[in-house]
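J.: Sharing the feature lines straight out of TrEMBL:
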DOMAIN    57-338  domain 'G-protein coupled receptors family 1 profile'
TRANSMEM  46-66  transmembrane segment
TRANSMEM  78-97  transmembrane segment
TRANSMEM  133-155  transmembrane segment
TRANSMEM  179-203  transmembrane segment
TRANSMEM  223-254  transmembrane segment
TRANSMEM  275-299  transmembrane segment
TRANSMEM  319-341  transmembrane segment
Amino acid sequence: MLAMQHYNSSGVIAPFPLSNQTPTVQETEVEAVSSNATGSANNPTAAGLSMTLGILFNVVALIILAKAYSRYRRRSKATFLLLASSLIATDLAGHVIPGALVLRRYSVHTQGSTDDSVSTFRGDPENPDASCLFLGGCMVFFGLCPLFLGCAMAAERCLGVTKPLLHARLVTTARTKMALALIWLLALCVALLPYFSLGAYTYQYPWTWCFIRVVEGTRDTDLAFVIVFSGLALSSLASAFVCNTISGITLVRARLKKKKPCFQRSSAGSQDTEMVVQLVGIMVTSCICWSPLLVFALMSATKSYSGMLDSDRDTFRGLMVTGVRMATCNQILDPWVYILLRRAVLRKIYRITKRRASFKGSTFRSVRWEISSFQTSEKSSVNNI
């Protein structure tokens with residue numbers, strides 16, 4: 001999915017001319033749009049580089065998670081690491097598979113003739129090819145999975161923080177793996193809805209990626225599909241927010257009691273704090289990256305279905321491109337959230353910050369001492385005179 005964010009920076013295409021214009025002008029503008037769309041595919045180097053970096057970041061995060069999983073024996077921590085590893089692995093797959101399909105589409109059209117029509121580049125919106133159907137399904141599947149996993153991680157931590165005994169009795173590795181399978185199955189079922197005539201996938205501007213039909217020719221089934229997709233995604237974000245809020249409040253209350261627990265409880269509390277901080281980071285990242293696409297898709301589908309999108313079609317095309325670019329950033333930011341918000345990294349940052357603050361404080365005190373010493377010596381010399 002990440003590869004799509006770099007391909008077209010030329011902006012939204014100009015609307016096609018009205019019917020009262022001459023055919024010569026229409027053909028000229030069609031050729032200009034076609035050359036613009038085809039020319040944007042001539043340089044996939046930046047997209048390939050960003051895709052490589054994204055793969056590298058996710059692999060590094062997976063290695064760190066694997067080492068942490070083998071090190072920690074505490075059940076709640078192991079469960080969290082298993083869910084986090086599944087999240088990063090899903091992000092990695094969602095980064096590679098759709099990105100490879102988009103790069104393949106660009107390479108195919110780069111090798112083709114530049115005189116092809118716009119309709120050839122866009123494909124048939126009523127009968128998209130198999131690669132478009134697969135790419136659209138990947139967009140929905142790999143879009144829902146990280147949000148479902150983030151919600152599951154937040155619910156697991158909320159139970160572990162508020163009801164640790166119940167968590168120890170209910171949450172096991174086998175049940176966690178079963179929950180992961182159900183999450184992936186639910187996302188797959190939603191992605192396969194167009195194959196059962198509920199909604200449809202079609203090429204989206206700039207005709208290099210596929211998604212639900214929300215801008216042009218939106219039908220009642222497409223609107224229902226968008227509502228299901230966006231509703232599940234937004235509900236997952238809202239549920240994660242509630243669970244993380246409850247976990248955070250519980251941890252803050254525990255700290256404010258000012259009790260001195262034993263070493264094991266203190267270590268467990270610090271691990272809970274670390275996991276909740278990481279979950280908050282993942283939740284904030286997902287909200288920022290995915291909310292625009294979900295909201296734009298709902299707005300576009302609603303307006304297109306009601307016939308109110310004709311004058312704003314190009315605007316919503318641009319908004320959908322912006323939304324998918326932001327959504328693709330989620331797969332590259334998730335591993336960095338986990339890597340940077342670990343206790344070891346936060347301790348180093350705290351020590352460096354504290355060292356610099358103490359250095360500035362000592363420097364300020366030494367300068368103030370020198371000034372006061374100078375003033376004292378000056379007064380004594382005056383008194384001697």
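Positions of Cβ are set from backbone N, Cα and C atoms, glycine also.
I would like each feature placed in context: is it buried or exposed, what are its neighbours, and how far apart are things?
T.: Residues 1-2, 51, 54-55, 58-59, 61-62, 65-66, 68-69, 72, 138, 141-143, 145-146, 149-150, 152-153, 156-157, 171, 173, 176-177, 180, 184, 275, 278, 282, 330-332, 334-335, 338 of the same chain lie 6+ residues outside the transmembrane segment (78-97) yet bring a C-beta within less than 8 angstroms of a C-beta in it.
Distant neighbours of the transmembrane segment (133-155): 1, 80, 83-84, 86-87, 90-91, 93-94, 97-98, 101-102, 179-180, 183-184, 186-188, 190-192, 194-195, 201-202, 209-212, 229, 232-233, 236-237, 239-240, 243-244, 247, 279, 282-283, 286, 290, 293, 324, 327, 330-331, 334; these residues of the same chain sit at least 6 beyond its ends, with a Cβ under 8 Å from one of its Cβ atoms.
Proximity of distant same-chain residues to the transmembrane segment (223-254), defined by a Cβ-Cβ separation under 8 Å and at least 6 residues beyond the stretch ends, is recorded for 140, 143-144, 147-148, 150-151, 153-155, 157-158, 161-162, 190, 193-194, 198-200, 212, 214, 269, 272-273, 276, 279-280, 283, 286-287, 290-291, 294-295, 297-298, 301-302, 305.
Same-chain neighbours of the transmembrane segment (275-299): 77, 80, 84, 87, 143, 146-147, 150, 153-154, 157, 161, 211-212, 214, 226-227, 229-230, 233-234, 237, 240-241, 244, 247-248, 251, 316, 319-320, 322-324, 326-330, 333-334, 337-338, 341-342, 346, counting only residues six or more beyond its ends whose CB sits under 8 Å from a CB of the stretch.
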J.: Who are the chain neighbours of the transmembrane segment (179-203) in space, where the CB to CB distance is under 8 Å and they lie at least 6 residues beyond its ends?
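T.: For the transmembrane segment (179-203), the sequence-distant neighbours (Cβ-Cβ under 8 Å, at least 6 residues beyond its ends) are 82-83, 86, 90, 122-123, 125, 128, 132-133, 135-138, 140-141, 144-145, 148-149, 152, 209-213, 216-217, 219, 221-222, 224-226, 228-229, 232.
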J.: Across the domain 'G-protein coupled receptors family 1 profile' (57-338), what does the mean pLDDT come to, as a whole number?
T.: 84
